[in-house]
Each structure stands twice: as C-alpha cells, then as structure tokens.
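Chemist: This is the structure I have questions about; it appears just below.
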Amino acid sequence: MSDIISIKDIDLAKKKVFIRCDFNVPQDDFLNITDDRRIRSAIPTIRYCLDNGCSVILASHLGRPKEISSKYSLEPVAKRLARLLDKEIVMAKDVIGEDAKTKAMNLKVGEILLLENLRFEKGETKNDENLAKELASMVQVYINDAFGVCHRAHSSVEAITKFFDEKHKGAGFLLQKEIDFASNLIKHPARPFVAVVGGSKVSGKLQALTNLLPKVDKLIIGGGMAFTFLKALGYDIGNSLLEEELLEEANKILTKGKNLGVKIYLPVDVVAAPACSQDVPMKFVPAQEIPNGWMGLDIGPASVRLFKEVISDAQTIWWNGPMGVFEIDKFSKGSIKMSHYISEGHATSVVGGGDTADVVARAGDADEMTFISTGGGASLELIEGKELPGVKALRSKENE
C-alpha cells in the first residue's frame, strides 16, 4: 500500500498537527477504562510528532452519544494518556467551541491538546464539511491513525481531508500497519489459510464470508451465526439464534465452498441452555439434538477438538468473532480454548474485531497472537475487498 501518504513523508517541524485517533475504549459503570489497548496503540504516532517538534491536537469519538453527556466525555482518556506518555494533556471542554479554539491557538511546540468527544457534534457522523473546516482551521497538518473508523465517511475521517494537500495529510503508524497487514493477508497468505468466523449474526459477515471463500483453504463457522447454517442443513436448532431470511444465502455459501474445494466446518456439538444466563442449567448436546425450547450458546468439547484439528496444519489463521456468548462465564469456554489453540500454533494469527480481541485478552493470549487489529468493521470491509473512505482520502493522486 505504498501509495498511501505516510506521516514520514510530511515535514512536521513547528507545525500544529491534528491526529484522528480511535480512543473508543470500553469503560465500567464508574467510567474506569477497562482496556486501554487502543490508547496505547496511538502512542508511537504521538511520540513521533512530539520528537519532530510539533504541537499536537488529538481527536476521537467515544461510544454513540445521543446528546452531550459526561458519561461519554474523553476526560478518562486524557488521564490515561497523560499517565502513559508521562506528560500533561490539555483537555478541551468542547470540540470546535470557544474553549477548544482558544486552547488550540495557544498550544506551544511539544504540547498536546485533546478535544472533547467528536460525536458531541451532530455533524461528525454526517460527514459535515462545515465541521470538518472548523477542525482543519486549527492545524496545518492532518494525520489519520484511527483504523477502527476508516470504513466510515465521517467529518474527522473523510471530509476534513479535503482541506489539506498531499504535503499536509497522511497516515499514522498504526493505520499504515493495519492496512499493510490486511492487504498482505489477502494477497499473499501462507497456506493452508484458515478463516475462523464467529459472532452472533450472519448478516454482518455475509459479504466477508463470500469474499473469503475463494481465498481460504478451510473455513470454520462458530458463534450464534453457525445456527443459521445448521438450520440450512436441515438440523433442528431449538430456540437458538436464527436469521431465517438468510437461510438461502447460507446454503449458497455452503454450495460455493463445495464447488471451490474449500472445507467448511460447523459445530458438531453445542453447550445448550433454556436461557442465556449464568444461573440456568446447561448440557452438552450434539448439534442435531438441541432440545425444544433450549438454545445453543457455545461450541461444545467435541467441536473444540475438531476445530483444534482443523487449524493444526494452518500457516495463516484469520479470526473474527467469538464462538459463543463469551461474556457469560459458562458459555465462554469454547472461545477461550480457540484462543489458546490459535495462539499456541506456528501460524501467522490475525485477530479482528473488538469482541474477539476481548476474548484473546481474557484468555491471556494477546502477546502470542501475530497481530490484533484495532478495528472490527474496518478489518471486515478490507477483507471484503472494499476501499475504506478514510484510506482512499490519503492516497497519493499520482498512483491512483
């Protein structure tokens, strides 16, 4: 992806630099950050700017606020960032209001300003050019380091790039790393290449599954989405999650896999329970024998053994989506075991999506994976072969 303008191609000295980060981190009920991976991932780009004599304005969204609310404030992010960088972070009370503009204007070389949650401005998610213009007016250089939102045409991701020429906009280190990794994975995977796809919905991953089939050697389907495929095969799935309108599509994928010579593996047994709760009885049942009124909530031990065998000779594994309702302890075993087996092997292991990254962190396997992508939807769309709006905006025109 050498046609993407890199931060290294830009003269940053003594300039004000806007870095679009992805600080959309999980928090507990007391607003404590429970996983700061996304904040830590942004540090190399921030440090590079400081080392090159800039002043830095950071911007991000957090959650999906309907209105301005302290629950969605970036204050906790500012505190965590200050600790990680061992440096004071100036926090703006707004995004393009008087406070942000005054603080941006007075920012000196080596200082960092964090704007308040971008989504407090209604125009952010509408790709509003007026908002983009206001943000752009604070700085001389724009850097996008937020892979997790590159698939969205938002003001701070796409519209803003129209106000900078090629000498003054580019991709940060995290964004470059993510794009390079995903591109190489799709174009030159070491084989056998196995995709492990889970999560609750087929609808969200239909395009990715279709696009992956010609590229992979084997495909494992787990999680809630597996039941639509099992139903398509004529199995009785009890009260398990089902997207009835996608049964035909599921059948098409199974047929396409067969025609391409791709082995598709579905769960052979499941952990079934009458309800999705920690306090209900559970039992292991074959995938064809889920009792009426019960639902499958995790893959069972036989499926775990089968999937372990399937990935044992893999040279590349791409994993997106948990194998069960991992948030509930008794239905997390399948996902945790898959994480262990993927991380223990010799394959290049690429993990995409927030839920999957959470499983890997919970399993204690994060350091053993080759690459953990910070973007769920964005990594899916890259795998689907789509051009991401935030990335397209940073392409060098000469190479288009």
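Using N, Cα and C of the backbone, Cβ positions are placed for all residues, glycine too.
The substrate binding site feature in Swiss-Prot is assigned to Asp22, Phe23, Asn24, Arg38, His61, Leu62, Gly63, Arg64, Arg119, Arg152. Annotated ATP binding site per Swiss-Prot: Lys205, Gly296, Glu327, Gly353, Gly354, Asp355, Thr356, in sequence order, evidence recorded as sequence analysis.
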Chemist: Return the residue, from the listed binding-site residues Gly63, Gly353, Gly354, with the maximum count of other C-beta atoms within 10 angstroms of its C-beta.
Modeler: Gly353
Chemist: Given the binding-site residues Lys205, Glu327, Gly353, Thr356, find the one whose Cα is closest in space to the Cα of Arg119 (substrate binding site).
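Modeler: Nearest by Cα distance to Arg119 (substrate binding site): Gly353.
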Chemist: Looking at the binding-site residues Lys205, Gly296, Glu327, Gly353, Thr356, which has the shortest Cα distance to Gly63 (substrate binding site)?
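Modeler: Out of the listed candidates, the nearest Cα belongs to Gly353.
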Chemist: Return the count of C-beta atoms lying within 10 angstroms of the C-beta of Gly296 (ATP binding site), excluding that atom itself.
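Modeler: There are 28 such Cβ atoms around Gly296 (ATP binding site).
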Chemist: Would you mind pulling the longest C-alpha to C-alpha span across Lys205, Gly296, Glu327, Gly353, Gly354, Asp355, Thr356, which the record has binding ATP, in angstrom?
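Modeler: Of all Cα pairs among the recorded ATP binders, the widest measures 22 Å.
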Chemist: Please determine which of the binding-site residues listed here (Asn24, Thr356) has the lowest count of neighbouring CB atoms within 10 Å.
Modeler: Asn24
Chemist: May I ask you to report the DSSP-based helix, strand or coil state of Gly296 (ATP binding site)?
Modeler: strand
Chemist: Which ones, of the binding-site residues Asp22, Asn24, His61, have a Cα no more than 10 Å from the Cα of Gly296 (ATP binding site)?
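Modeler: If one measures from the Cα of Gly296 (ATP binding site), no binding-site residues come within 10 Å, so the answer is none.
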Chemist: Using C-alpha atoms only, work out the spacing between Gly353 (ATP binding site) and Asp22 (substrate binding site) and round it to an integer in Å.
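Modeler: With the alpha carbons as reference points, the distance is 14 Å.
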Chemist: Please give the substrate site's span as the largest CA-CA distance among Asp22, Phe23, Asn24, Arg38, His61, Leu62, Gly63, Arg64, Arg119, Arg152, to the nearest whole angstrom.
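Modeler: Binding-site diameter by Cα atoms for substrate: 18 Å.
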Chemist: Check the Cα-Cα distances from Asn24 (substrate binding site) to the binding-site residues Lys205, Glu327, Gly354, Asp355, Thr356 and tell me which is shortest.
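Modeler: That would be Gly354, the closest of Lys205, Glu327, Gly354, Asp355, Thr356 to Asn24 (substrate binding site).
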Chemist: If one looks at the chain holding Asp355 (ATP binding site), which residues at least 6 apart in sequence have a CB under 8 angstroms from its CB?
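Modeler: Sequence-distant Cβ neighbours: Gly199, Gly321, Pro322, Phe326, Gly376.
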Chemist: Ranked by the number of other Cβ atoms within 10 Å of their own Cβ, which of the binding-site residues His61, Arg119, Lys205 ranks first?
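Modeler: The most densely surrounded of these binding-site residues is His61.
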Chemist: Using Cβ-Cβ distances, find the residues under 8 Å from Asp22 (substrate binding site) that belong to the same chain and are at least 6 apart in sequence, listing them in sequence order.
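Modeler: Same-chain residues close to Asp22 (substrate binding site) (Cβ under 8 Å, separated by 6 or more) are Arg38, Ser41, Ala42, Ser60, Asp145, Ala146, Phe147, Gly148, Val149, Thr374, Gly375.
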